[in-house]
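Note sheet for the following structure.
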Amino acid sequence: MKALLLLLLLVQLCSASLVPEREKDPEYWRRQAQDTLRAALRLQRLNQNVAKNLILFLGDGMGVSTVTAARILKGQLQHGQGEESLLEMEKFPYVALAKTYNTNAQVPDSAGTATAYLCGVKANEGTVGVSAGVTRDRCNTTKGQEVTSILRWAKDAGEGVVGAGVKRWGFGGVPTIAPGICGTGKAVGIVTTTRVTHATPSAAYAHSANRDWYSDGEMPPDALEGGCRDIAWQLVENIPDIEVILGGGRKYMFPKNTSDVEYPQEEKHRGTRLDRRDLVRAWHEAKPPGKVAKYVWHRRDLLALNLSRVDFLLGESWHPRVPWPQLGALGGHLAHPGVPGQLEWRVMRGTGGDAERCRGPTGGRIDHGHHEGKAKQALHEAVELDRAIGLATRLTSAQDTLSVVTADHSHVFTFGGYTPRGNPIFGLAPMQSDVDRKPFTSILYGNGPGYKIVAGERENVSAVDFAHADYQAQSAVPLRQETHGGEDVAVFAHGPMAHLLHGVHEQNYIPHAMAYAACIGSNRGHCNAAARPGASSLLPFLALLILLC
């Protein structure tokens, strides 16, 4: 007991020395509060412009505890104590909470939640782009239950608009060109650091009774006989005029046993399709005459493109999940070696004629990191996502661009242990357990693969490298994969009509608020003639940036 009291005393003494001098002055906190108050008062002048651009950043699995820990990590990466730092998303003036439950699940999965925040309808777990009338795995319950997404609403808006062929920005590594003549509404894009057929992006274009039906090779015979289509098929056929699609999982696009272009000798990377269709070829053939469509699978090919001459872009790596050491929107070959999360892109600036080469950080795979109990990987991914948010914010205007940042669900991830100010986020708590007399890390999981018993006792973390990227934080319950959490997730909003995202909402409210701001979808009674989509001589751009983990 005396040793424990001495340790606590030392911690208190050290903590006192960690307080910045300015924070000891009460006036520092009073001035800070008054500055915040003045900023809040300015928000009384609501931005009710029509949003010409919409950007949705989705951090898969980025619960509130992940956001807080990522904030601290960001500050410590910048050589600060961390707690005082601000993420780019936290600079957005409007914040809400979204209730994430699925119609049949208290703790949700990524498919049902994607249907909510993209299609505006809550759904059952494991299903994408369909209503709660569909039962998972049952193809025969799908017909007539399909629901469309905000991407489809954007494509249905402003039909017959003649634009000026204006080059528009590409967000999060999305270089896009708004076509000069577009009979199918707004320009749209999907970007993901996982497979493009993953549950989260697939709700933007697909309708499936099972999120795992990536190709017809993964579908059961009764579903095939019932006329249901796989998700990769729907990517090409349902909305063939998506301007930009970037992600992984290309093997689902090619006939079964087709050798991979990059890894021809490896069987696991071969095509999976039973219908023998080459969906990349089908994607090319579906484009209108005179339009330029480019397919890339390597970073060098992406950077070599003359984007002023590209109307449609499809980029796919082989990776079903982008590898940890080389993160980037198109997988390892599009990432900078040794710089996780970095993708060099070209951003088309407004009506300017030249492409500017930038480094566009993309976040993703937060969810996968947490499932594996690898908090370091999850939090670094969250920081990378935030860097992409900051870049997009600098390249756009709040006067005409509504940006929304949210998550589909949380995880059973936490950090605590009375750590002192500036404690390394991946470090130890300043005390030992008063039960087993062993140290513990601040970061812990409620369940997952980090549960370890050594010689009948909890593992002593001081004997392992708990700062390693692959370290699996200890968990209370042993599971091969850590689970999602059921608490609400944050929604950050900035730009026209961002004030509509406030308070506590059902998750399916999000796309309805975004559509209202952009005057797309069914609720357009508030749009006057000048503000309606299609009235402008410039074709508005809608980007749905979905960054997964």
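Please read every residue number as a count from 1 along the shown chain.
Cβ atoms here come from the backbone N, Cα and C positions, even for glycine.
The signal peptide annotation in TrEMBL covers 1-16.
Residues annotated as Zn(2+) binding site in TrEMBL: Asp60, Asp367, His371, Asp408, His409, His484. Neighbour density for His484 (Zn(2+) binding site): within 10 A of its CB lie 23 other CB atoms from the protein chains shown.
For His198 (Mg(2+) binding site), the number of other Cβ atoms no farther than 10 Å from its own Cβ, over all displayed protein chains, is 28. Per TrEMBL, the feature Mg(2+) binding site maps to Asp60, His198, Thr200.
Residues annotated as active site, phosphoserine intermediate in TrEMBL: Ser110. For Ser110 (active site, phosphoserine intermediate), the same-chain residues 6+ apart in sequence whose C-beta sits under 8 angstroms from its C-beta are Asp60, His198, Ala199, Thr200, Arg211, Asp367, Asp408, His409.
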Close in space, distant in sequence - His371 (Zn(2+) binding site), Cβ under 8 Å, 6 or more apart = Gly61, His411, Gly448, Gln481, Glu482
Count of other CB atoms lying within 10 Å of the CB belonging to Asp408 (Zn(2+) binding site) | 31
